[in-house]
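Chemist: Here's the feature list from TrEMBL:
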type     : residues  : note
TRANSMEM : B:7-26    : transmembrane segment
DOMAIN   : B:118-305 : domain 'ABC transmembrane type-1'
TRANSMEM : B:124-144 : transmembrane segment
TRANSMEM : B:156-177 : transmembrane segment
TRANSMEM : B:183-202 : transmembrane segment
TRANSMEM : B:223-240 : transmembrane segment
TRANSMEM : B:286-305 : transmembrane segment
Amino acid sequence: MTNPILKDSIIVADSVDKIYPNGCHALKKVSLNIKKGEVVVIIGPSGSGKSTFLRTLNQLETISDGTIHIDDINLTHKETNINKVREEVGMVFQSFNLFPHKTALGNVMLSPMKVLKKSAKEAEAEAKDLMAKVGLADRMNNYPSHLSGGQQQRVAIARALAMSPKIMLFDEPTSALDPEMVGEVLDVMKSLAGGGMTMVVVTHEMGFAREVADRVVFMEDGELVFEETPDRFFESDNQRLQRFLGQVL
Amino acid sequence: MKKQQNLLLWKMLYVLIMIGIGYGVYASSKSLSYNWRWERIPQYLISFQPTDIKAPFDGSIESVDPKEHKIVVQSDSGQTFVVTKYDKAIAHTGDLVFEGDTVATIKGWHLGSISWGLVMTLKISAVALVFAMIIGLFTGLARISHNPVLRYLSVTYIEVIRGTPLLVQIFIFYFFIGTVLNLDRFTAGVAALSVFTGAYIAEIIRAGIQSIHPGQMEAARSLGMNYIKAMVYVILPQAFKRTLPPLAGQFINLIKDSSLVSVISITDLTKAGREVVSSTFAPFEVWFTVAILYLVLTGSLSWVIQKLEKRLSASD
Ligand SMILES: Nc1ncnc2c1ncn2[C@@H]1O[C@H](COP(=O)(O)OP(=O)(O)OP(=O)(O)O)[C@@H](O)[C@H]1O
Ligand SMILES: [Mg+2]
């Protein structure tokens, strides 16, 4: 970490390559630095490697080449305990992935108790606070199957926050939701961003990108094509970006 | 309303068929001119005959004291054996007794040999079930492990066990492994049953784990859980719930398969039945009784598992 630009970066991805076992070259020399408290939105066409890149940041996908540092820890170093890193990096999935055998509150409490060894009492108190924060104080004892999609996604956010992460990764958190529920989830994410959380968000919600992002990144064909502040991003005359925006807007 | 009437009709048909079957059994036993002697059966379930209290050694009766309710037996080498709990004294003061002679009798009930067989079947099945679950769980996990050695070993075990008859396995366990490791009958029987059932449970558990959406493992891992914690707290509880019906079937098979251990002279329900048949000459009654007792065991097990399923379905 001799480079001064990288000093206040919390995520440093350097020339990351990912080739899946089936030969699919999903990431090609992707480099991205993200500073503490920054909100970065990644957009790009389907299959461009957005999810793959996000998932390399907590090593749900291993990388084939390059390096990733999270909070100065080299993820691919032999001695790195990836479970410790994951405690600091929360992730929210497109399909929620709540634990169906636990209540909403049980979902939020599980990891603090089993990983951070918190007492049930402490974990429950914190989980209740978080549930209130995402606006679900009255749904704590519901099983996921008895919650709407928007509610489930908010529980999933509370569950990730319960580990007090330094970084939150969102992979199309609103894509599986009915349109009327998108707003409630985006609102929670906005307030999280307002609270200074470092966030990396893959989304097709251009409004969110414009309003909340500090930087927007455009990926295509496994390459990071273009990154800019939202104002300049949407004004840009980059050919590939224009073509993509022309399709989605 | 029409639907309900139809249902009633079907129920009546069912009852008629059952009566028909019952009559068939009755008629065929008539045609065999079989003498039903059901009265001989109950004593093998529970007996109210007085129990004998036997002398533990050769010796003589030192005293029979009705007032203090005490019998003292003195052995030739000077040991004494005192009986204070009895109902009827058989021996008299000064009698010579040999080891095993009845000194007195005591009233009360005790289990008959069929009931003891039932207890043995229950014991063997319960112990084998616990071990089969443990073997099945670890083999199932090994089966989906990334380590090829674990994978090959578990596949070999599963294929060998599922490809050979249980009866043959019991003989191998008793006569070969049992001799090498010096196992008693019970241990050999339990081991054979556990290893046999474990192979089937392993496949059920593997399928159960693989049926859980991979997103569950990813969510657990992304929350900082290691592989084992994610398995224990997230994947296995869901897989267990999903595999409960096939597991129940396997447990019931285990109870029924346990009847095969009678070939290595373990006195389980089946062997007890065979012994009682030879002493009562009432084979039909005995085998019907044995069948009903197996049904009671398997029926209670399914009932318990159904209750469990109901409770687990709270999250559906
Ligand atoms: N597990 C996998 N094995 C093999 N190839 C994969 C795997 N996951 C993704 N890919 C491939 O990698 C490429 C990038 O996929 P990725 O899921 O990262 O795209 P994406 O940008 O998230 O797309 P979407 O917007 O549809 O979610 C695609 O070509 C995809 O087919
Ligand atoms: Mg994706």
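Glycine too: its Cβ is placed from the backbone N, Cα and C atoms.
Keep in mind it's a predicted model, so treat the numbers as computed, not measured.
In the displayed structure, how are the listed features positioned relative to their neighbours?
Modeler: For the transmembrane segment (B:124-144), same-chain residues at least 6 beyond its ends with a Cβ under 8 Å from one of its own Cβ atoms are 150-151, 153-155, 157-158, 186, 189-191, 193-206, 208-210, 231, 251, 254-255, 258, 261, 266, 268, 297.
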Chemist: Residues of the same chain, at least six outside the transmembrane segment (B:183-202), with any C-beta under 8 angstroms of its C-beta?
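Modeler: 124-125, 127-129, 131-137, 139-140, 143, 154, 157-158, 161-162, 166, 169-170, 172-174, 177, 247, 250, 253-254, 257-258, 261, 264-266.
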Chemist: May I ask for the residues of the chain that lie six or more residues beyond the transmembrane segment (B:7-26) and have a Cβ under 8 Å from a Cβ within it?
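Modeler: For the transmembrane segment (B:7-26), there are no sequence-distant neighbours (Cβ-Cβ under 8 Å, at least 6 residues beyond its ends): none.
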